[in-house]
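Each remark here refers to the structure printed beneath this line.
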């Protein structure tokens, strides 16, 4: 059996050394120029793009149930499922956007084009709200409302499709593109990126806060055409601002399709499945030069898990490997490429744990909003709090928790754990999972309180009447969900970015969004099944339902989920990276991944 443990190029004469020196000099200049780009000065341009996307998305989705039930006259369960299906699709399309960014277009152009697609969707959506012929006629009192016809629904779904496709390019790329603007001195202790993720999510929180208050108020009190037109204009502005920042960005070229590499490793391992395994990983194929473009942070070490994939890195006589030639990747791959696939597979159990968290969180935009519609919402005699604005308490909790976490909790935890970030992302996620269980359980008890008030006032059979119970009873569940989100969601996002192979970071960020997508679709499935086989979730009169049972069902599922998560976290193997030191014309570059 042949073995090629390393492939290197060696200069053969003085001229070769001179050429190498000139190349190093150019590389040094390129390195210095590259470091002049990026950094904190790029953040206004990058974050503004994401803020506008969130302003548009949240400005509609937070109040979408009201739009669908009040403007298009959809039944409640159909409207709730439409919301979760739209959110789910918007969180699924990032897989496509990540593939395009990582393989062909790069993150900058993917973000730019996707924002333009999103803008087209917002324009269509605004027109559907502004033009009377694109929605059914209004109805009043006990009049039977006419549902939107096929053509009107087609316009709605077209706008949602454009929005979902646009989100697919923005969501997986903006966070990764922003993190790439910072050069870490030590990639194993990424101080700048975890601070960036905290403040990235803080900026999103501010945009969601604006959408949940100002935009929702405009939609409910001024009109939907204005309420959707404003974020449409903001989206157009964001494209201009993002393009203006182009000279400042660190743009990393795509390093080829990571999906192709994953497939190649799988095929190579399958083709060599009958070959005996190698006990010593030193005999597996390594080629630093071949992997240079996909391992700037360092080569991935061999790990003991998923050993059957190691067969893709075993050199056989059939491979006919020569030092001057690239191997046939459908037969032979480097250890680094094998470990890329292993890294993704190891992340999947942690990815799956986020699904039920997203399912629980999805109820804040559907049934919690319907609860608020039935409760006393007057802040003064003339000012009524829009039901969709109740989510402001969740977002305030997110923002406050992020600030306290970054300025207080990290410093306290650092003294205990010795970690620069206080606690690692797996511990942060566990805290979020636990708080989410409490939030959903509390929501069930609040629903019991709401129905008791309706019964005491004789309003059980009056779904349109206002129940004499303050809408602020919903604050605890919104706030607890917000605190849980600040821990779990940011930890989840950081986990994917940190543990993914460097050439797959857009894809890894897309995985974060697909867990939310799966959670939304799980919510649709649960709502459909519960509505079909029980009387817990009625279409027209929430007072006659048993929404609290639905909340407690979610509580039970989340309790089982956290047990599953803790087991996965206990046995999770962190991404192992090599130590690499190189000297470039007086500049020492140390990478320890």
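Using N, Cα and C of the backbone, Cβ positions are placed for all residues, glycine too.
Under the heading compositional bias 'Polar residues', TrEMBL lists 1-22.
Taken from TrEMBL, the feature region 'Disordered' applies to 1-30.
Sequence annotations record features per position, and here TrEMBL assigns transmembrane segment to 108-134 (among others).
Annotated transmembrane segment per TrEMBL: 154-178 (among others), in sequence order. Away from its own ends, the transmembrane segment (154-178) comes close to residues 42-43, 46-47, 49-50, 53, 56-57, 72, 86, 89-98, 100-101, 107-108, 110-111, 113-122, 124-125, 127-128, 134, 148, 196-197, 200, 249, 493, 497, 505-510, 512-513 of its chain (Cβ-Cβ under 8 Å, at least six residues beyond either end).
Summarising the annotation, TrEMBL assigns transmembrane segment to 199-218 (among others). With a cut-off of 8 Å between Cβ atoms, the residues of this chain six or more beyond the transmembrane segment (199-218) that come close are 47, 50-52, 54-55, 58-59, 62-63, 175, 178, 226-227, 230-231, 386, 388-389, 391-392, 395-396, 398-399, 402-403, 406, 486, 489-490, 493.
Panel annotation: around the transmembrane segment (224-249), residues 37-38, 41-42, 44-46, 48-49, 51-53, 55-56, 59-60, 63, 67, 71, 108, 111-112, 115-116, 118-119, 122-123, 125-126, 129-130, 177, 181, 211, 215-216, 218 of the same chain, lying at least six beyond its termini, place a Cβ under 8 Å from a Cβ of the stretch. For 224-249 (among others), the entry in TrEMBL reads transmembrane segment.
Residues or ranges marked as transmembrane segment in TrEMBL: 383-405 (among others).
Long-range Cβ contacts of the transmembrane segment (425-446) within its own chain (Cβ-Cβ under 8 Å, at least 6 residues beyond either end) map to 350, 353-354, 357, 360-361, 363, 368, 371, 473-474, 476-477, 480-481, 483-492, 494-495, 498, 547-549, 551-552, 554-555, 558-559, 561-562, 565-566, 569, 572. Summarising the annotation, TrEMBL assigns transmembrane segment to 425-446 (among others).
Within its own chain, the transmembrane segment (509-529) is flanked in space by residues 77, 80-81, 84-85, 87-92, 94-95, 97-98, 171-173, 175-176, 347, 351-352, 354-363, 366, 492-493, 496-497, 500, 537, 550, 553-554, which lie at least six positions past its ends and keep a Cβ under 8 Å from the stretch. Positions annotated as transmembrane segment by TrEMBL: 509-529 (among others).
According to TrEMBL, the transmembrane segment annotation covers 549-567 (among others).
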